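Over in TrEMBL, the protein carries these features:
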DOMAIN    A:95-304  domain 'ABC transmembrane type-1'
TRANSMEM  A:9-29  transmembrane segment
TRANSMEM  A:99-119  transmembrane segment
TRANSMEM  A:131-152  transmembrane segment
TRANSMEM  A:173-200  transmembrane segment
TRANSMEM  A:235-261  transmembrane segment
TRANSMEM  A:281-307  transmembrane segment
């Protein structure tokens, strides 16, 4: 068990390094001088020179990389070119809505998709199963912003159940916050639960044809017991895996959803930074999102030990 | 079972030609027709008409007009071209680069380690964010958008191909070819690649669908296709600030996008079922 955990932890090192080097190199692959690019079109020669000095763009590339890695290791992502604030504090200001939205979506999707997938597999071949399969393909084919605007049109503008746009922070009260994020979370849950339900259904179908399910039925176990005690546990690994791999899609969706619903989260920070060419912020956000993704996938792998005793040995 | 395998009772004809497949093929042909002939017949819908601002759908403007009085019908029909070009080119690019890297990683152990670590790292960066960053750094334009969308997709395809190649190279006829001393490039081109084509084609449909969605997302966020080229993402973006007043600006291109991606995904599912006999047998 310990060696499994240790090996998995160790395997994070190269991934983190590749992420950092890629994000570092992003600034240098573009055509032209990075300092001039950051300074913008109307910058004077002195301003460009000043940025070059401040961001140490005049040093050799390898030295810059080394300095960059050192800074990131001490959680220093530099300062925003635009506002002058440290990138880290900008990110921390914006992390709350994004984190709550992501968690809310995850909870919602898991609550919807796993029962649906299991039920569809149990009733395989029926109309209900077909309806679910169709719903799932639609769920990951329709663009996030289309679902978002459709939900706003129906539930905010016509039925007035939820606010149209905007975000209420946790400081305004938990319920107000959840209410302001409900439509965005449902929007993202369409995509996310479609991906999870598909896998849940497919694995459940496989599990239900296993010998131990036949045995359980043969000894007279009730349907509910067969499903929950014998089958559900065995779809754990693939389902948790797809939750991990789809999390990247979820984070991408968060960026778009925040734009649709005008939520001041990390996604908006990214888009604003891109539009103002604030590259230290872009780099900081990319690294933060990637680290979250790496951590999630690490947790996913470690959770295998929960579902599958063979992993523990 | 996938959507594609839903059939009407008592129908005749080839087994793969199911109802969803027929509908998808119909829509794909329609969108292809729009992409080819739309801009020729309707122009690119950039004509401004201040007298016709934010008009709802009517006999004159079937899909309504936007805040500059541009005809949404013309822009939606002509916008098909951009989505089709981005989808197909990205899929081809990802297929070539990702496929080649996957074959190299799967066949040569020395390359496997390095390539797969780089792939892991790139896959750890959310794709759409990497694409946004790439577009903003490389500058706008169709080619940049295609490259930016392709880069995050390449590692996934390479990984898939690698696992396919790993299983093919253990098959007896490949072993036999190795043991009689065939040249490596011959083994790869004659045995490995033809047997990996199926998996590659299925992957291509998914990449194509994902690329169409990504292009729309980039354009929606304002970092995709240049604003003067009509693209579904651009049209939706132009309706962003007016969605309470003029929901039709978003609705029509949004529906077209959904139909295109849905059709590609359904055909991809059918192709996968067709090429993988194990899945078909397991079907209840």
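Note: Cβ is positioned from N, Cα and C throughout, glycine not excepted.
All TrEMBL annotations are machine predictions without curation.
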Contact between the transmembrane segment (A:281-307) and the transmembrane segment (A:9-29) (at least 3 Cβ pairs under 8 Å, separation 6+): yes
Cβ contacts the transmembrane segment (A:235-261)/the transmembrane segment (A:99-119), at least three under 8 Å, sequence gap 6 or more: yes
Most Cβ pairs under 8 Å with the transmembrane segment (A:131-152), selected from A:9-29, A:99-119, A:173-200: A:173-200
